[in-house]
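Structure first, then comments.
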């Protein structure tokens, strides 16, 4: 039982802990020659542009690349470059940035008020530099309900896919999951497709066949170098407003940002009624920046001594995070290193996905000890020590124990389920006036009964897949479903209290083991904070274009649609402006 116990204690991770394989030859991407990318410390104290985009993430990069074709664009990114960092660009190193809590890390950890450990991007390319790489479009119904032009949506997806999307290789673990889903009735089989279709499919990935990650930053290859300036380590503190007309309507006209050395800079809009500031800082950053700039709930802003520009009660409301739950399955057979490749899109509103790792605990060449990535004791959400127990001494002891384990202990994978929507929502509030600090966010996981029922149905489906004939080579026959459930439930994946009845109550298991899959959204939703052109209500010359505008997460994984939205809105803005200005 000793080895099995350590398997129980040391290896239970969720979907995201798909694990290091440093014995592979690491393929580093060659950095593109972006002549327009500079450190913010080299910027002048003041400069003017046609468009100022705050946030060089999954939406901001394609948006900037598109607008630069005709106009002078400034893109401000608070993080650094992903290029030259193998922990970002290599599939084998997935999870390492998420385990890095240093101030220079491309991932900034936060813990929601619900007690679930999460992360937000701090790097050019945004979440596409950190995620598990799955690429899948939104459903046709989602596009219709959003009021988007389906033809332009399709063209925008293709524009993105020509640079960053690939068909993944299908090896033993992912093939068994695919066949297990089909065996238990998640039908039909739709083959390889980017489209969102009920049934089981192989989706796309932003990792190429050499294991290189392709991010939203790669879409800057489409930019006009003469029309774009990208500044790294540029943290925007405030949007500047002036008033116009008899109604004294606020108009955005500039931003204040600080470079890595803390030096203050200003960027202003050039004269022209069509010039705009566009916030693409993500579901936490965008509502946070609006509030810091005086656009938000008046009473809350005044409590932080922020001058109210517009009393907008809906800023920070409607925050949602799609809850994820997983079952870890230790395998008697070797499994490949794989991130999300197969998905079962069920009719009851749960998405079933899987990930696996093989020999991920081997010692990297030239290093003194193993690097366990997200499995490491230093890691927040998935580490082997609860967060409050991560003293230096405890971490050192845990690393010593894990280094002594046989590598076979770390062989296996995860079946995970994520619910669509979700229906449960929460809110975001400022903690202070420092834009580098995380705001306080509550997601209210499973507040709505329908969300909980979808989790129950999803976990039940995972159990059936594990017991399927197609999956039998990857499950120890003496480990029951109840044993796997208890094993996973005992791992400190969040800060919530645990219960003893998880193996008999799937409802309790869903609540006790809830995690994030980083698909949180809301805070600046269409119809509440922005209109259908993504213009902020109550002010002029200001838009928000990113996942904070979503009411529900698109498809099984949102990154494809967020990148599409950046391109889509860039084209729309160009077309409308070119038409109004009479350009050929």
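Keep in mind that glycine also has a Cβ here, set from the backbone N, Cα and C atoms.
Among the features that TrEMBL reports, signal peptide is placed at 1-28.
Every protein chain shown contributes to the tally, and the Cβ of residue 123 (FAD binding site) ends up with 27 other Cβ atoms within 10 Å. Taken from TrEMBL, the feature FAD binding site covers 77, 78, 123, 236, 518, 519, 547, 558, 559.
TrEMBL lists 282-296 with the feature domain 'Glucose-methanol-choline oxidoreductase N-terminal'. For the domain 'Glucose-methanol-choline oxidoreductase N-terminal' (282-296), the mean pLDDT of the prediction comes to 98.
According to TrEMBL, the disulfide bond annotation covers 455-510. Around residue 510 (disulfide bond), the C-beta neighbours below 8 angstroms that are at least 6 residues distant in the chain are 323, 325, 446, 452, 455, 456, 459.
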Span of the FAD site, taken as the largest CA to CA distance across 77, 78, 123, 236, 518, 519, 547, 558, 559 (Å, rounded to a whole number): 25
Long-range Cβ environment of residue 77 (FAD binding site), under 8 Å and at least 6 residues apart: 55, 56, 57, 60, 123, 124, 230, 231, 232, 233, 234
